[in-house]
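For Gly98, Ala99, Phe131, Asp216, Glu217, Val218, Gln219, Thr274, the entry in TrEMBL reads pyridoxal 5'-phosphate binding site. For Arg134, Ser273, the entry in TrEMBL reads N(2)-acetyl-L-ornithine binding site. Per TrEMBL, N6-(pyridoxal phosphate)lysine is recorded for Lys245.
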Amino acid sequence: MAEVTPLFETYARAPLRFERGEGVWLIAEDGTRYLDFAAGVAVNSLGHAHPHLVSALKEQAEKVWHLSNLYEVPGQEKLAARMTAATFADKVFFTNSGAEALECAIKTARRYHFAKGQPEKFHIITFEGAFHGRTLATIAAGGQAKYLEGFGPKAPGFDQVPFEDLAALKAAINEDTAAILIEPIQGEGGIRVASKEFLQALRALCDEHGLMLIFDEVQTGIGRTGKLFAYEATGIAPDIMAVAKGIGGGFPLGACLATQEAAVGMVAGTHGSTYGGNPLAMAVGNAVLDVVLEDGFLEHVRDVALVFRQGIASLQDRFPDVIEEVRGEGLMLGIKAKVPSADLLKAIRAQKLLAVPAGENVIRLLPPLTTTAAEAREGLARIERAAEQLTSVKHKASA
Ligand SMILES: *Cc1c(COP(=O)(O)O)cnc(C)c1O
């Protein structure tokens with residue numbers, strides 16, 4: 001530790017070394033068990049070592065790992081058919097990550113206008129606090145200075161307006177605008193939930209101006225909010241949607257979904273990926289859907305979400321000096337801290353519970369969708385002990 005590392009030093013890692021996982025638990029090299037409500041940042045949607053995912057991966061590993069997109073890949077056709085049957089979309093392009101799913105979404109929106117004879121329409125409006133990934137285009141889309149600094153000129157064609165500011169949005173739309181891109185719930189930004197009314201207004205504006213509406217459901221998708229996708233709760237649908245994280249359950253997998261109309265410009269040769277839709281990823285993605293689409297699964301997510309919601313609300317009542325606000329939907333929960341959120345995160349970790357930092361002094365709880373009510377209550381008890389500890393420290397300091 002603290003010696004020269006052969007790794008790029010791009011991450012501020014916690015000094016924890018995990019050896020294996022079992023469901024909602026991560027087990028460190030020294031045997032310590034942690035309740036994992038970080039879930040690899042909403043990736044381990046079915047927890048660790050889920051038997052159905054393990055057997056799907058093993059079975060595929062013994063057949064063929066990789067084919068490339070020179071050939072037909074039956075797993076892609078199966079997963080795409082299931083994803084289009086379950087959503088607004090007609091077409092799917094598979095990627096290996098969230099940022100690549102966004103890249104495909106951005107290219108699809110621009111290419112749509114190109115195909116319609118309006119190549120000047122390539123600007124995409126995004127929202128302050130957004131996070132869409134770390135490629136050169138997606139840092140431009142996210143618009144956050146801390147991710148853009150030092151990487152040369154910001155990629156052109158991204159205009160940003162404040163979150164939920166309809167007047168600013170209307171003012172930003174012009175003849176160059178191609179699309180509006182939004183996370184229905186900002187994840188990295190601090191679990192900021194876009195209101196249903198705002199999202200409906202975006203749909204109406206896109207229809208009025210002939211724009212593509214793009215939802216980034218990389219974090220909110222695949223049951224995280226208690227619906228298969230967050231847009232289902234809004235009464236509207238986007239034209240294009242980026243998906244990743246939970247769909248792979250831990251295997252690198254993303255997807256860009258679009259309506260037939262929106263995908264009109266994405267003809268042969270316009271886009272590609274060597275690994276995208278690789279048989280191993282398809283086997284796991286299909287296995288994740290086997291579980292998430294099972295009768296009653298999303299109902300389970302909503303039931304457990306309620307246990308969390310009520311539990312955190314009562315902790316907020318008891319520890320108003322520690323917890324300021326509870327945010328989010330389903331199992332995408334944010335605790336806005338009254339103390340520095342890093343202190344709360346550390347106190348929670350000391351109770352062997354893992355969570356994820358976010359913007360606006362929020363910590364995120366993103367437990368596996370398979371978390372039981374009993375495991376949720378165990379997590380709440382640990383947060384309670386952390387809050388007690390922080391409160392007593394505070395009282396000592398002021399005594
Ligand atoms: C994580 C995330 C991304 C980027 O995904 P990567 O797989 O890290 O490239 C994009 N958008 C949202 C909303 C995310 O949460």
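For all residues, glycine too, the Cβ spot is worked out from N, Cα and C.
Each of the binding-site residues Ala99, Val218 was scored by how many other Cβ atoms lie within 10 Å of its Cβ, and the smallest score goes to Ala99. Highlighted here would be the binding-site residues (Glu217, Ser273, Thr274) whose C-beta falls below 6 Å from ligand 1, but none qualifies.
Ranking the binding-site residues Gln219, Ser273, Thr274 by C-beta neighbours within 10 Å puts Gln219 at the top.
Cα of Ala99 (pyridoxal 5'-phosphate binding site) to Cα of Arg134 (N(2)-acetyl-L-ornithine binding site): a distance of 7 Å. Asp216 (pyridoxal 5'-phosphate binding site) sits 11 Å from Lys245 (N6-(pyridoxal phosphate)lysine), taking the CA atoms of both as reference points. Between the two most distant C-alpha atoms of the annotated pyridoxal 5'-phosphate binders (Gly98, Ala99, Phe131, Asp216, Glu217, Val218, Gln219, Thr274) there are 25 Å. Glu217 (pyridoxal 5'-phosphate binding site) sits 20 Å from Ser273 (N(2)-acetyl-L-ornithine binding site), taking the Cα positions as reference. The Cβ neighbour count for Arg134 (N(2)-acetyl-L-ornithine binding site), using a 10 Å radius over every protein chain in view, is 14.
Per Cα geometry, Lys245 is the residue among the recorded positions Arg134, Lys245, Ser273 nearest to Gln219 (pyridoxal 5'-phosphate binding site).
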